[in-house]
Amino acid sequence: MGTLTQNGPPHGFEEQNLFSPELSTQKMQLGHISEYGSAPAGFQPGVSKMWRNIVYKSIKIVIFSNKLNLLIPFGPLAIVVHILTGHNGLVFLLSLLGIIPLAERLGYATEQIAMFTGPTIGGLLNATFGNATELIIAIYALRNGMIRVVQLSLLGSILSNMLLVLGCAFFCGGLVFNGKEQVFNKATATVSSGLLLMAVMGLLFPAVLHYTHTEVHYGKSELALSRFSSCIMLGAYAAYLFFQLKTQKDPYIPLSEEGDQNGENNNDDDETPEISKWEAVFWLSIMTAWISILSEYLVDAIEGTSHTWNIPISFIGVILLPIVGNAAEHAGAIMFAMKDKLDISLGVAIGSSTQISMFGIPFCVVVGWIMGQPMDLNFQLFETATLFITVIVVAFFLQEGSSNYFKGLMLILCYLIVAASFFVHEDPPPEGKP
């Protein structure tokens, strides 16, 4: 996923790295020290200073190199407000703001690890952690029995990526390259559109089965069909990953090579890790744990916020919550589009939608099955119809293999229509649920 960091390490720390030759030598010396006794006079302070420099460099790169991290203090503030006042609306807002930079840094740490593991493992890591924020929030909501919040937040993430994120990327890229037609790999976009249509099929049949009252066992057939379809969708997504990472390695090579032959963006592709592998693993663990803590406060405050702000839960789940998880995707897609790397922008926006629809939603159904929660694929008629129309609209925009600012503007306006629709939409009472 895209991040907001600048290329290259911060000034003054270029030569410091956990795997540098100097550090390796000092580690060997430290090993001899531990084997034969105490350190020589004056050696231990040097080692301490070296480790302080490493820690300072890592904190500076991960925490202080991104202006978005100014929102991090809102996370602890949300916990303090919850303890002192219990004001649900304020706790929800502060948690929402506090998770945004953590989600972006989570994507950054995943990218850093992927640089050490190679394209195959890196692709799997991006598939796993690319939408980790949405999945963490969904699992906490599922544990609390808030199945509709899970369904709405995952649906909102798909709609946000397909309309808002992709629309902003097309719009900004079209403005920067106004006199040039931006192109992308049409074949890859077609495969992603096919997967999204398959996901719509998986969501459509349980809803149709429910609303036509044609279940063999009322209240049970719908849930059984959802669990069976989820297993099929997870298998299809695994096959898609194998096809993408093994059979068809780097589907964006042809257009990238064409750009390189024109002498464009050569310097942008020379990316090196800014932190070491174990530093990235450490920060990945810290960000995941902190997101998990804030997600619990966020989920607990949703219903109270709906009553306090007089906003439908459907609007909170479909529009507000996805803003948190899609912060990194939004910034990254725009950044790559403005560098005329539209294939990467498309992979960020449509790829994330594919992950949620073919992996995130079925995964939550299976997790709910394990937890004993009746999570199913019946997202209700209004939500399923919205997703179906959105996939069709985006597929039409992608069929030509090119983009401009007008297409981006149309997608953004479509998202505004969807947002307004959910603002005036109220969930029907959960009748017929087991």
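Just so you know, glycine gets a Cβ as well, placed from its N, Cα and C.
Remember, TrEMBL labels are computer predictions, not curated facts.
What TrEMBL records for 90-245 (among others) is domain 'Sodium/calcium exchanger membrane region'.
According to TrEMBL, the domain 'Sodium/calcium exchanger membrane region' annotation covers 281-422 (among others).
Per TrEMBL, transmembrane segment is recorded for 120-142 (among others).
Panel annotation: around the transmembrane segment (154-177), residues 131, 134, 138, 196, 317-319, 321-323, 325-326, 329-330, 333-334, 336-338, 340, 342, 345-346, 348-350, 352-353, 356-357, 360-361, 364, 379, 383, 386-387, 390-391, 394, 403-412, 414-415, 418 of the same chain, lying at least six beyond its termini, place a Cβ under 8 Å from a Cβ of the stretch. The transmembrane segment annotation in TrEMBL covers 154-177 (among others).
Tertiary neighbourhood of the transmembrane segment (189-212): same-chain residues 158, 162, 221-222, 225-226, 229-230, 232-233, 236-237, 240, 346, 350-351, 353-354, 357-358, 361-362, 376-381, 384, 387-388, 391, 394-395, 398-399, 401, 432, selected by CB-CB distance under 8 Å and a gap of 6+ residues from either end. If you look up TrEMBL, you'll see 189-212 (among others) marked as transmembrane segment.
Per TrEMBL, the feature transmembrane segment maps to 224-243 (among others).
Look at TrEMBL and you will find 280-299 (among others) tagged as transmembrane segment.
For the transmembrane segment (311-336), the list of distant contacts is 1-4, 68, 96, 99-101, 103-104, 106-108, 130-131, 133-134, 137, 148-149, 151-153, 155-157, 159-161, 164-166, 168-169, 172-173, 298, 302-303, 305, 342, 344-345, 348-349, 352, 383, 418-419, 422-427: same-chain residues at least six beyond its ends, Cβ to Cβ under 8 Å. The transmembrane segment annotation in TrEMBL covers 311-336 (among others).
What TrEMBL lists as transmembrane segment is 348-371 (among others). Remote same-chain partners of the transmembrane segment (348-371), defined as residues 6 or more beyond its termini with a Cβ less than 8 Å from a stretch Cβ, comprise 1-2, 127, 130-131, 134-135, 138-139, 142-143, 147, 150, 154, 157-158, 161-162, 165-166, 169, 189, 192-193, 195-196, 198-200, 202-203, 226-227, 229-231, 233-234, 236-237, 240, 326, 329, 332-333, 336, 377, 394, 398.
Annotation comment: TrEMBL describes 377-398 (among others) as transmembrane segment.
Summarising the annotation, TrEMBL assigns transmembrane segment to 405-424 (among others). Same-chain residues lying 6 or more positions outside the transmembrane segment (405-424) and placing a CB less than 8 Å from one of its CB atoms are 159-160, 162-164, 166-175, 178, 311-312, 314-315, 318-319, 386, 390, 393-394, 397.
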Helix-strand-coil residue split for the domain 'Sodium/calcium exchanger membrane region' (281-422), DSSP-based | 119 helix, 2 strand, 21 coil
Chain residues outside the transmembrane segment (224-243) and at least six past its termini with a C-beta under 8 angstroms from it = 123-124, 127, 191, 195, 198-199, 202, 205-206, 209, 354-355, 358-359, 361-363, 365-366, 369, 375-378
